[in-house]
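Asker: Sending over a structure as structure tokens; questions will come in a sec.
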Amino acid sequence: MSDRAHHAGILWIISAPSGAGKTSLSRALVQETTALRTSVSFTTRAPRPGEIDGQDYHFISAEQFAGMAERGEFLEHALVHGNRYGTGESWVKKQLFSGVDCLLEIDWQGARLVRERLPEHVVSVFILPPSLAVLAERLRGRGQDSDEVIARRLAAAREELLHYDEFDYLVVNEEFQRALEDLRCVVRAEHLRRNRQQHEEHTRLRTLLA
Ligand code: 5GP
């Protein structure tokens with residue numbers, strides 16, 4: 001790990017098949033964790049009822065998206081379930097290099113690209129649903145999408161699951177509080193890594209070793 005990476009925040013990637021509970025878990029984690037901020041992605045998908053522009057996503061047109069991609073303003077972008085999604089690069093880098101952890105809720109394609117771009121900064125977590133039956137039930141229970149969309153997402157869930165082994169950590173979301181606790185442990189453990197502590201505890205170490 002380079003010296004630059006020691007000073008920077010951790011770039012957290014959380015991926016999961018649609019309906020595994022990634023968004024609720026991420027929200028709960030961010031709410032209780034200081035110096036951890038979620039990147040708001042850009043998408044060409046239409047807002048679902050209750051979704052707020054600038055909060056859930058930056059909802060933009062296909063033309064705007066193409067323009068941003070052309071200007072190289074995305075850290076990564078991908079086509080997911082027929083819509084385009086992308087992570088804005090400048091905001092993320094600004095957080096990281098001021099020592100703030102950043103959380104990306106993105107798919108496996110985006111995770112792969114970000115790992116390639118910023119390998120020293122990324123820690124990735126894959127959220128597993130307890131079963132496909134539970135996943136289907138959760139997708140139906142959301143009640144915001146048509147049957148056709150749900151069927152497409154279930155097929156896509158299998159595709160997403162195939163990539164679990166590209167991630168550093170696996171968390172099973174069978175019971176919300178347990179899964180949240182697992183995430184807390186992962187965050188804590190990563191911050192306790194010697195190469196990060198070495199920077200944060202520089203003065204203490206110097207005194208101890210004097
Ligand atoms: P949804 O439309 O249900 O909010 O998200 C659909 C999928 O798109 C999810 O798997 C989510 O992780 C992924 N996604 C959301 N934002 C981004 C992004 O900025 N980049 C990539 N690659 N995937 C994203």
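Backbone N, Cα and C define each Cβ position, glycine as well.
TrEMBL annotations: computationally assigned, not manually curated.
Pulled from TrEMBL, these are the listed features:
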- 9-188: domain 'Guanylate kinase-like' (DOMAIN)
- Ala16, Pro17, Ser18, Gly19, Ala20, Gly21, Lys22, Thr23: ATP binding site (BINDING)
Asker: What other residues of this chain sit with their CB within 8 A of the center of the CB atoms of Ala16, Pro17, Ser18, Gly19, Ala20, Gly21, Lys22, Thr23, the recorded ATP site?
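Answerer: Counting only non-site residues, the set is Ile127, Pro129, Leu135, Arg138, Asn173.
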Asker: Taking the Cβ of each of the binding-site residues and counting other Cβ atoms inside 10 Å, which one has the highest number: Pro17, Gly19, Gly21?
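Answerer: The residue with the densest Cβ neighbourhood is Pro17.
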Asker: Specify the secondary structure state of Thr23 (ATP binding site) as given by DSSP, simplified to three classes.
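Answerer: SS state of Thr23 (ATP binding site) = helix.
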Asker: Which number gives the other C-beta atoms within 10 angstroms of the C-beta of Ser18 (ATP binding site), all protein chains shown included?
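Answerer: There are 23 such Cβ atoms around Ser18 (ATP binding site).
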Asker: Count the Cβ atoms, other than its own, that fall within 10 Å of the Cβ of Ala20 (ATP binding site), considering every protein chain shown.
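Answerer: 27, counting other Cβ atoms within 10 Å of Ala20 (ATP binding site).
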